[in-house]
Amino acid sequence: MVQRQCIAATTRAFSTCTLSRPASRTTPPRIHNQLSHQRRHLHQTQPRTTRTPLTHLQHTFPRRNTPKTRTFTTTPARSHGDLTPPKPGEERHVTFVDKDLQHHTFVVADGDNLLDIAQANDLEMEGACGGSCACSTCHVIVESDEMFDRMEEPSDDENDMLDLAFGLTETSRLGCQVVMRKELDGVVVKLPSMTRNMQASDFAEKS
Amino acid sequence: MLVRRAPWVCQTCRHHGPSASRTYSTAATRQRPIHVAIIGSGPAGFYSAYRLLKKLPDARIDMFEHLPVPYGLVRYGVAPDHPDVKKSAETLVDVAKHGHFNFAGNVPIGNDPGCLPLTSIAPYYDALLFAYGASRDKKLDIPGEDLKGVLSARAFVGWYNGLPEYADLDPDLTGGDTAVVIGQGNVALDVTRMLLAPLDELRKTDLTEHAIDTLSRSRVNNVKVIGRRGPLQAPYTIKELRELMQMRSLGFAPPPEGWDKLIRVEPRKRLPRQLKRIAELLEKGSTTPMQEAEKAWQLGYLRAPAAFLSSNNEQLEAVGFEQQEYDSPVSDLITGDAPTDLNGLRGLRVRSTGAKSLVHAHLAFRSVGYQSTPLEGFGDIGVPFDQARGIIPNDRWGRVISPSKGPAGPLTAGHVPGMYCAGWVKRGPTGVIASTLDDAFTTADIIAKDWEEGTRFLSSPDGDADGTKGGWTAVKREIQRRGIRSVSWYEWEKIDAEERRRGQLRGKEREKIRRVSEMLAVLDGYGRTSYM
Ligand SMILES: Cc1cc2nc3c(=O)[nH]c(=O)nc-3n(C[C@H](O)[C@H](O)[C@H](O)COP(=O)(O)OP(=O)(O)OC[C@H]3O[C@@H](n4cnc5c(N)ncnc54)[C@H](O)[C@@H]3O)c2cc1C
Ligand code: FES
């Protein structure tokens, strides 16, 4: 709690004293979830003797300006419930195809879910409900039928939310409900493009 | 990185007074942050702000909210037993705490005394983003709508969620054991759930104590949820249906005609996935068998409400319906292409057969949709409103479109420069938070695009040399001058903390404060405020 307040104080201090700083140095907020919460917590506990408030703020949010195409990224070591580094010999690979058709492959550990992985790597997946299967903003499309079949059956709750997702396909899943494990090594998922409200069906006359 | 053109300021425009013909800022003045005023603090407002700060990191955003507390329908619409949905509000906290963001609660936008007129904010911003939702509900316009016992679902939802506007609703749930809900959207199912849910479950939620007290005296044990169309056309979503089907000690009575006559697609697997799953769930019925149930609910279809009836012209006694039938044979709509079938089946129309029927009840809820209304003062700033559709006319990206006030002057249609909309006031009052998020992102993206491409925005004579708007500093003065007691984000956090403290005393997450005067008293002490 104290740490959160500290952030707020820093943010406020920042806003009053750096109005004239170049825009590119500020970082927008990130939708808050369990993960960014913990990550921030981590950053707070790191020694930061030489940081100015500005860099401090930047470091409290996920990295930006990461290269568009990455073929190989290892996620940094983290603790408690956050993304864990894979044990040697147990590395799993997951590839996200974003709406510009760029491939992003990550090496992750068993037990991480696709939403956490995407967010930790700054991909555009919102997870508005914080991964509690209540919003469908983490919709992904599994590329191969075979991989889809290897996954555990979606629960009724997940299917109910998927039924509301825009662009539902036969191999749609909610990212927050798909947990990495050995059988899913090499899985490729697509992020649907966000064009829901441009669809004619949404404007079909309601009687 | 966006390419910035050299700063250039048109001297002619700059020297016009406020009454001069409309002037617009152009790309020439873009080497400065954009100033955006967002009206409404529901998901549409917040997700737009979030996205704008992501796309234009130096943007300055001020959010004006009618109530002292943020979040719109996430706080005052979403049912108390949907804590996971309410959690989505937490994601917005980071936006609110951003250094370029100001929250101005308790600042209704409008022309009445105590409100902040649009004309007094427009000059200080490059863009206004309307995200003020839908604050009315649709009426049925049938006889007897004003009888005692006929309630608006919006009022009831507001009341159980602690919305100040309905603090005194005091619904009478003791008149009889049957309630009718007219309409089959998720709001209708929320109302049904709140009427029938076991109280011990509700006590754990943030449902107000006041509402728990009233519900504990309720005699209602049978709710009929009745719609004009069929089971596959009704606007409910499956999650909400499932919640009712699985509710402890609640039985489900299928509609009297039987499912085959209503669904009319055999085998069911020919239905598109979403509808097939709904049909399966409906046909399976409740987990609690009727003979073991303490309370019951039923869905009724193809019945259009025709009149609220009373023998004494005072208290509702029955609801009259007119029987409907499908406009075309249902099976003709099945083509085998899932999206086509989904649209076809969902869009199936009905027509009246002329037959009449009656349901006896002392309590009825009208739940046929929310409705947006224009903000007072739209005319003053050139923003139109489509009364028939209940939205601000827009190009679907979120640019406000006027048929006669386009950028090239009178009688040209086009984007009203600097005016944008998002959420329910843009799309109409349907859709869950996820669709509001998509929609808000679309609007924010288009604002960012317009800004970067040098599209015309709002312009005002008081910008300094580079066109920078007065923004928050200037508007704060307007607010003070009008004696409006605005509530900052920091102050909302105090109200929030007090609600949580009160909740903790009762073993729940929060106990909402139901009156504006009491919210302000948390900040200013009792007796010092003159509100409500
Ligand atoms: C009863 C109900 C239950 C729902 N349950 C769910 C659910 O379980 N799950 C789900 O995903 N979605 C649910 N929804 C849908 C969800 O609430 C909407 O999609 C979403 O809230 C729309 O967002 P909005 O920002 O457009 O409008 P709103 O949330 O209505 O926000 C508008 C804001 O503008 C403010 N405002 C209005 N007029 C003015 C003015 N003149 N000046 C200043 N401010 C003003 C209002 O006070 C309000 O805070 C529910 C909706 C309702 C009605
Ligand atoms: S994050 Fe909301 S459903 Fe996955």
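Placed from the backbone N, Cα and C atoms, the Cβ positions cover glycine too.
TrEMBL: automatically predicted annotations, no manual curation.
Residues or ranges marked as domain 'FAD/NAD(P)-binding' in TrEMBL: B:35-195.
Within 10 Å of the C-beta atom of B:GLY431 (FAD binding site) sit 18 other C-beta atoms, taking all shown protein chains into account. Residues or ranges marked as FAD binding site in TrEMBL: B:ALA44, B:GLU65, B:LEU73, B:ILE109, B:TRP424, B:GLY431, B:VAL432, B:ILE433.
Look at TrEMBL and you will find B:GLN184, B:GLY185, B:ASN186, B:VAL187, B:ARG228, B:ARG229, B:GLU240, B:GLY431 tagged as NADP(+) binding site.
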Exercise. Of B:VAL187, B:VAL432, the binding-site residues given in the record, which has the fewest other CB atoms within 10 A of its CB?
Worked result: B:VAL432
Seminar exercise, completed: Those binding-site residues out of B:LEU73, B:GLN184, B:GLY185, B:VAL187 that pass a Cβ cut-off of under 8 Å to chain A are none
Exercise. Fewest neighbouring Cβ atoms within 10 Å: which of the binding-site residues B:GLU65, B:GLU240?
Worked result: B:GLU240
Seminar exercise, completed: The binding-site residues listed are B:GLN184, B:ASN186, B:VAL187, B:ARG228, B:ARG229; by CA-CA distance, the one closest to B:ILE109 (FAD binding site) is B:VAL187
Problem set entry | Cα-Cα distance, maximum over B:ALA44, B:GLU65, B:LEU73, B:ILE109, B:TRP424, B:GLY431, B:VAL432, B:ILE433, record's FAD binders, Å | 25
Exercise. Which residues of the same chain, at least 6 positions away in sequence, have a Cβ lying under 8 Å from the Cβ of B:ILE433 (FAD binding site)?
Worked result: B:PRO43, B:VAL74, B:VAL78, B:VAL85, B:SER88
Seminar exercise, completed: If you measure between the CA atoms of B:GLU240 (NADP(+) binding site) and B:TRP424 (FAD binding site) and round to the nearest Å, you get 20
Problem set entry | Neighbourhood of B:TRP424 (FAD binding site) by C-beta distance under 8 A, where only residues 6 or more apart in the same chain count | B:GLY42, B:ALA44, B:GLY133, B:ALA134, B:TYR370, B:SER372, B:THR430, B:GLY431, B:THR436
For this session: Mind computing the max CA-CA distance among B:GLN184, B:GLY185, B:ASN186, B:VAL187, B:ARG228, B:ARG229, B:GLU240, B:GLY431, which the record assigns to NADP(+) binding, rounded to whole Å?
Result: 20
